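J.: Per TrEMBL, the features are:
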BINDING   Ala12, Ser13, Gly14, Lys15, Ser16, Thr17  ATP binding site
Amino acid sequence: MTVVIGLTGGIASGKSTIANMFKEKQIPVIDADVLSREVVEPGQKAYQKIVKAFGDDILYQDRTIDRKKLGNVIFSNEEAREKLNSIVHPAVRERMLEKKNAFVKMGEKVIVLDIPLLFESNLPHYVDKTLVVSVDEEVQLTRLMERNQLSKQEALQRIHAQLPLKEKAKRADAVIHNNGTIIQSQAQLNDILSKWKIL
Ligand SMILES: CC(C)(COP(=O)(O)OP(=O)(O)OC[C@H]1O[C@@H](n2cnc3c(N)ncnc32)[C@H](O)[C@@H]1O)[C@@H](O)C(=O)NCCC(=O)NCCS
Ligand SMILES: Nc1ncnc2c1ncn2[C@@H]1O[C@H](COP(=O)(O)OP(=O)(O)OP(=O)(O)O)[C@@H](O)[C@H]1O
């Protein structure tokens with residue numbers, strides 16, 4: 001039997017940081033953000049649809065997608081965001097399930113799906129356990145502004161494009177509070193995995 005863990009949280013709350021801890025334990029991680037980049041490469045079906053919907057303005061000169069520009073469009077306009085989601089999400093889900101099934105066939109006992117929008121997209125049925133990485137909003141804001149070089153307003157728009165972290169935490173099977181040090185978060189992860197009798 002394979003246990004599938006759905007790793008989620010808010011933008012810049014620390015999902016990739018926790019995903020790396022799983023990888024260090026030789027547990028495979030399938031990252032929806034990585035897949036969402038692959039499915040919009042030129043030549044892919046979703047790429048054509050995005051160019052049709054958003055025009056050449058969101059392309060670099062070599063016709064690849066300028067993600068910063070597209071991000072500015074969709075995080076300031078809910079209708080545009082829903083349009084992009086409707087193009088990208090089905091392709092991501094298809095690839096994610098293919099990859100998950102391949103790991104199951106290989107006999108992996110634990111698989112992690114890192115899905116930022118797990119709750120927003122109603123995907124908890126894809127997984128056996130949900131794990132939310134949470135932080136206080138001030139910490140999230142500071143880390144997001146620093147990592148992505150965003151203004152406060154831009155960062156807040158991105159945070160508010162998602163379900164509040166408190167709501168995600170309420171729905172989760174377990175929560176890692178990532179306000180402290182990485183070592184403290186690592187200890188929380190180890191406790192959760194031993195409670196779940198994984199490792
Ligand atoms: C808008 C895009 C081009 C910005 O690209 P960029 O490289 O700057 O960011 P990246 O893809 O690494 O996403 C960073 C984080 O933003 C948040 N985020 C991304 N897209 C969305 C969205 N549609 N709604 C809410 N939050 C989102 C997630 O927390 C994600 O982890 C890109 O995020 C995108 O194509 N989004 C639509 C697909 C999507 O929903 N991806 C997230 C999960 S599949
Ligand atoms: N406990 C921590 N202490 C200090 N910095 C941290 C901690 N956890 C994560 N960070 C930093 O915060 C930023 C966001 O973390 P990370 O990239 O893991 O988040 P994420 O949830 O995967 O983000 P996104 O979904 O937006 O890609 C990164 O710059 C990371 O180095």
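Every residue, even glycine, has its Cβ placed from backbone N, Cα and C.
No curator has checked TrEMBL annotations; they are predicted automatically.
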J.: With an 8 Å cut-off on Cβ-Cβ distance and a minimum sequence separation of at least 6, pull the same-chain contacts of Lys15 (ATP binding site), or say none.
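T.: Same-chain residues close to Lys15 (ATP binding site) (Cβ under 8 Å, separated by 6 or more) are Leu7, Thr8, Gly9, Asp114, Pro116, Val133.
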J.: Inside 8 A of the center formed by the CB atoms of Ala12, Ser13, Gly14, Lys15, Ser16, Thr17, which other residues of the chain have their CB, for the recorded ATP site?
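T.: Here the non-site neighbours turn out to be Gly9, Ile18, Val133, Asn178.
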J.: Under DSSP, is Ser13 (ATP binding site) helix, strand or coil?
T.: coil
J.: Same-chain residues six or more away whose CB lies under 8 A from the CB of Ala12 (ATP binding site)?
T.: Gln140, Arg143, Leu144, Arg147, Asn148
